[in-house]
Amino acid sequence: MAQSQTQLAAHQHGKSRVRIGRVWRIGDDSNRGMTATDTQKNCVYYVAKQLAARPCSPEEFGVALARHFVDTYPATVWKAKVAVEMMPWRRLDVGGQPHDHGFVWQGSEIRTAYVTADSKGKVEVTAGLKDLKVLKTTQSGYSGFLHDRFTTLPDVGDRIVATSVTATWRYSRPPASYDAAYGAVRQAFTSAFYGPPKGGVFSPSVQFTLYQMGKAAIERVPEVESVFLNMPNLHFIPCVPVTTKSFDNDVYVATSEPHGNIEAVVTRAAAAPHCRL
């Protein structure tokens with residue numbers, strides 16, 4: 001027999017992708033004292049039922065619910081956080097007469113509230129709104145900004161300005177009425193954005209107007225100490241249709257992508273911001 005001219009110089013084989021999960025259980029692994037999420041859901045309905053005497057604001061409901069958790073489960077819950085959104089349903093008006101049982105979705109914004117309460121009795125209330133869409137067809141411009149080789153945006157002395165406002169504000173103490181305080185803050189925002197009915201007010205930038213809106217809210221409601229505003233651009237880009245030689249301030253391309261996103265926190269002089277950017 002002829003001698004082989006080959007040999008097995010190296011060899012290996014094995015099992016790949018063998019997956020395993022291993023848990024080392026140390027200490028008590030019971031759920032004793034835990035409030036299940038289903039229990040939390042039922043507490044929301046329970047607290048809503050207890051507030052039957054009169055309609056309440058989302059801030060008041062949030063305070064009642066947060067306090068319920070820390071008061072009912074003192075052994076396990078030291079702090080509760082509650083976020084509330086109020087949908088803008090309004091009673092339907094038919095020929096100047098309120099309908100008995102008809103409601104309609106009015107307005108674009110959603111009212112919000114965020115409440116925390118702890119076992120030591122400390123309660124913090126942050127109110128807010130989102131999706132408040134506002135627009136001006138004139139009295140807005142944007143010019144004088146840095147121009148370099150990367151800049152293609154021209155200076156504009158007059159333009160449409162539109163945005164969707166998201167805002168939150170913190171109260172230093174409870175106002176006499178959360179509903180009235182909310183209405184006053186909303187009115188401060190819109191007044192600063194639009195200006196007076198005749199002539200309005202010029203906005204040199206969304207950044208400038210955003211600051212004026214936060215400032216107006218603080219000046220209008222003494223209990224408000226910190227205001228956060230987020231105002232992305234909803235663009236209306238001038239369009240010159242085919243067969244048209246020039247732009248006549250009448251046709252625009254409405255788009256929100258891409259867009260500038262402007263936000264800031266405005267506070268009273270001695271107050272700390274209630275959120276981070």
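Don't overthink the numbers, they just go from 1 along the chain as shown.
Quick reminder: no glycine exception, Cβ is built from N, Cα and C everywhere.
Taken from TrEMBL, the feature urate binding site covers Thr37, Asp38, Arg159, Val206, Gln207, Asn233. Residues or ranges marked as O2 binding site by TrEMBL: Thr37, Asn233. Per TrEMBL, the feature 5-hydroxyisourate binding site maps to Thr37, Asp38, Arg159, Val206, Gln207, Asn233.
Sequence features, as recorded in TrEMBL, placed on the structure.
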| residue | record | Cβ contacts under 8 Å, 6 or more apart |
| --- | --- | --- |
| Thr37 | urate binding site | none |
| Asp38 | urate binding site | none |
| Arg159 | urate binding site | Ser140, Gly141, Tyr142, Phe236 |
| Val206 | urate binding site | Val161, Thr163, Met231, Asn233, Gly260, Ile262 |
| Gln207 | urate binding site | Ile262, Ala264 |
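Neighbour density for Asn233 (urate binding site): within 10 A of its CB lie 18 other CB atoms from the protein chains shown.
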